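These come from TrEMBL:
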DOMAIN    1-474  domain 'Amino acid permease/ SLC12A'
TRANSMEM  12-35  transmembrane segment
TRANSMEM  56-77  transmembrane segment
TRANSMEM  110-131  transmembrane segment
TRANSMEM  136-155  transmembrane segment
TRANSMEM  203-223  transmembrane segment
TRANSMEM  244-267  transmembrane segment
TRANSMEM  287-312  transmembrane segment
TRANSMEM  333-350  transmembrane segment
TRANSMEM  356-380  transmembrane segment
TRANSMEM  392-412  transmembrane segment
DOMAIN    485-573  domain 'SLC12A transporter C-terminal'
Amino acid sequence: GFVVGHAGLYQALAMFAVAYFIIGMTVLSVCAIATNGALDAGGAYYMISRALGPEFGGSIGIMFFLANVCGSALYVLGLVEAVVDSFGIPPGQEAGTGVHVLPQSYWYELLYGTVLLALCLLVCLVGASIYAKATFLIFLIVAAVLGTILVSFFATRPLKVPIHLPHVNGTETDNGFFTGFSLDTLRDNLGGGYGVDYTTGQMMSFSSVFAVMFNGCTGIMAGSNMSGDLKRPSYSIPRGTISAVLFTYLVYNLLAFLMCATCNRILLQKDYGFLRDISIFPPLVTVGIYAATLSAAMSNLIGASRILYALARDDLFGRALALAKKTSASGNPVMAVIISWLVVQVVLFSGKLNTIASVVTTFFLLVYATVNLACLALEWASAPNFRPTFRYFTWHTCLLGIAGCCVMMFLISPVSASASLGFLLLLLLALHYLSPSSTWGYISQALIFHQVRKYLLMLDVRKDHVKFWRPQMLLMVQNPRGSARLIDFVNDLKKSGLYVLGHVELQDLDMLPSDPLQPQQDSWLSLVDKLNVKAFVSLTLAPSVRHGVRQLLFTSGLGGMRPNTLVLGFYDDEAPQDGLARHPAFTSTREEVPLGFPPLRAPTSPKLLSAREYVGIVADALKMLRNVLLARQLESLDKAWELRRAASPPPTIHVWPVNLLRPDSARYADTCSLFLLQMACVLNMARAWRRASLRLFLCVEAGTMPHAQEEKLRQLLKDLRIQAQIQLVPWDAITRLHWQTCRGPPGGPAEEEEEEEGVVNFPTNTTQVSDEYVCAANKLVLEQSPAPAVRFLYLPRPPADTSLYPLYLHQLELLTRGLGPTVLVHGVSAVTSTQL
C-alpha cells in the first residue's frame, strides 16, 4: 500500500520489475556458485570468500553481517509500528480505550522492539531446527492471511475508513475510501503522487519509496545463509530461492493491481494498516503482519549469526571474533547469535523504520553486486573445475546484475552508496595487509593466468623492434647464499624485462625415486619474495652444468618472453662468502635465512665445473645469439652504502667500451660496445642508481687526433640520449708493450687476417697479448679515480681453439684482478636506436 499509494501502479510495477530483475540476475549467480561444490556455513560470505579470496570475502562478510543486522532491526521496527498502530493509545488521548492500551513514545517503542527482539533471540538460541519449524508455521499463517485478503478485495462492500493522524494542534482526521473495483479509482492511481510519509514527516520520492520496497525483496539470501544447516544445500538453495522469487513477484504485482483498483490514494498514503479495515476477518491481517515481520526479523538475525560464525571460524579477523566461534553441544553458534542480537539492539536506537531502510538496501545491493562479481570472475577465469550443475546463467547475466545493483545503489542514496564503498575499501585494505594467507585458492590467480596467456599469444617476436628492446636476464646461481647481492644487482639491470633465476642440479633422474627439484621450488620462491626481486625461478637436472645452462637457454621463458642475456658469476679461486646472512632483507627483520639451501662450498672442495667448461658456457651462449655478462666481486658491492653516502661527488659507474685485450681494434661503435653502453645506461636509469653518474673512458694514442675522437663519441652519446662524462686516457705505454710482443706493426698481415675473420669466426685474440700487457691494462683501469661503485668492461669472444680456453680465462682474471665490483659485457644484438 505504501508503494502504490506514493508511486502509482505504473511506477510500482516498474519498481518491482527493476528490483526483481536485479535479484533475478543475482539468484542465477547464487544458484551457479551453490551448485559448484560443497557449501558450508556462511551462505553468500562462504561463496564470495571461496571464489574471490579472503580480502573480498572478509570485507563483504562484514558488510553482509551489517546488512542482516540492520535488516533485522528494520523488521522489528516495522513490527513495533504495526503493534502500536493496532494497540497504541491514539495521539492526544491521556488513556486508552478498548484494545488501545499501549503508550506511544520513542522510549516505549524502543521497549516494545527490545521485547520482540528478545523473542527472536530465544528462537535462534534454541537452534536452526526450531527456527525452520517456526518459519514453516509462519509461512502457513501468511499464506492463509494472503488468501483471505485476496477474497476480501472481492467480498467487501465499498466503505469509508476514518483516518486519525497526529498534528501540531492535536489530531487531524481524514477519510479514506475503499471503493471496490472501480475504473475511476484505477485511473486515479495509475500515475505517481508522492506525498509526505506520515510516520517520518519526510517527503517521499521514487528513490526513497524504492529503498523501502526493496527490503521486501532482500530475503533471497535467507536460504543461502542457512547453507551450513541444510542437508543438501546444492539441491535446496536453487529450487527454494527461485520458487520464492517467482512466488513473491506474482503476489506483489497482484496485490499492487488489486489495491490500485479498489482503494483511493488518501487511504493508501495515510493508513498503512488499511488491509485490516477492508478484510473480512480483520484480526487475521494483524496476525499475518506480525508473523511476516517476525519471520523476517528472525531470518535476518539467524543469517547474521551464521555469517559472523563463519567469519570467526575462518580466523580472518584474528582474536577480534574469537568469541563468536563458541557453539552449543548441538553445534548451534550461540555466542554468534548473542553478539548479533546485541548489535541489532544497538541499531534499534535509530527509531524510525524508513530512516535505516536506505542503508540496509545499499548494503544488500553491494553484497548482491559482489555475488555477481564472484560468479563473473569464475566464469571468465574458465577454470576447468568451475562446472556448476545449474547452467541457466552466462557472464552477461552476471554483468547485468552488477550494473543493476550499482546503478540502483546510487539512485537510492548516493551518500549511503559512497560511504558503503569507502567502508568496503577500508576493509579490503585492512584484510589485504593483516589477514593470514588462506588455502582456498584465489580467483585473481586464475584471472591473471587467463589474461597472461592471452597476451603472451599476442606477443609476436616477428614484430620486435630495436626501439623497444629491453634486457631479459637469465642469471645462473649455484647457491643463493653466495649470490644475494648479485641477484639484487641483476634485478636493477633488467629494466622491466624478464628476469629468471636459473639453477642446475647435477643428478640423474634415472637413478632417483622422484624429482629432487620440487621440494626446492618453495625455498627459491621464498627467497625471491624476501629479496623483493621481480624474478621467476627455473630449475633443471643435468649431467653437467654446461648441459644444464644449455637446457635453460633453450627452454626458459614462453613465447615472446625469453631470456636474451645470460649472466654468470666469475670463475676464480676466491672462497665464497655467505652474503645472504648479511643481506638487509634478513638483518633488518631478524628473520632466519631460508634453510632450504645447502652451506657454501669449502675453499678446499673441488668446483662443480672446470675452467674449460665455464668458457664453453660463454661460447655456447654467444652461438645461441645471447648476450653475456660476467660479474666479478659483486658480493662486495654494498649498494645501500654506495648510493646513500652523503659525500660529494656522487658515486660513479665507469664504462670502458673498448676491447682492452685487442688494442689493435679499439673501436667504440661496434655492436658489443654499444650494448655495453646500453647496459651501463640501463643501470643508471634504475631508481636506486639515479644518483650515480656515468663516466666513459676514451683510450687515445699520440698522433691520433684525440679531440676529434672525443667529439665523435660525444655526438654518438647525444644521438643515443645517454648522459655521461668523457675522460681521455692516454695508453701509448700500454700499447707499446703489445706491439713489442706482436708479430708485426699495426696494419700488417696479422691484423688484416683478423679483420677478415670478423665476428662470426672466433678470432684467436688471446695469442696476441702477453700477461705483462694485460697487467698493465688492469693497472690503467685501476688508476682512474675516484673509485667507482661498479665498472663495465668489454668482454672479448672466447677463442675458436678450445685448448686456449684456460688461457682466455686466465687473462680475464688478470684484467679484472683487484678492480672491485666489475661486469664484463659482450653483446651480440643491436639494442640502441637513434630514431623516434
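Even glycines carry a Cβ here, placed using N, Cα and C.
Because TrEMBL annotations are produced automatically, they should be read as predictions rather than curated entries.
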Helix-strand-coil residue split for the domain 'SLC12A transporter C-terminal' (485-573), DSSP-based: 37 helix, 22 strand, 30 coil
Proximity verdict for the transmembrane segment (287-312) and the transmembrane segment (244-267), three or more C-beta pairs under 8 Å: no
Any contact, the transmembrane segment (244-267) to the transmembrane segment (136-155), with at least 3 Cβ pairs under 8 A: yes
Model confidence over the domain 'SLC12A transporter C-terminal' (485-573) (mean pLDDT, whole number): 89
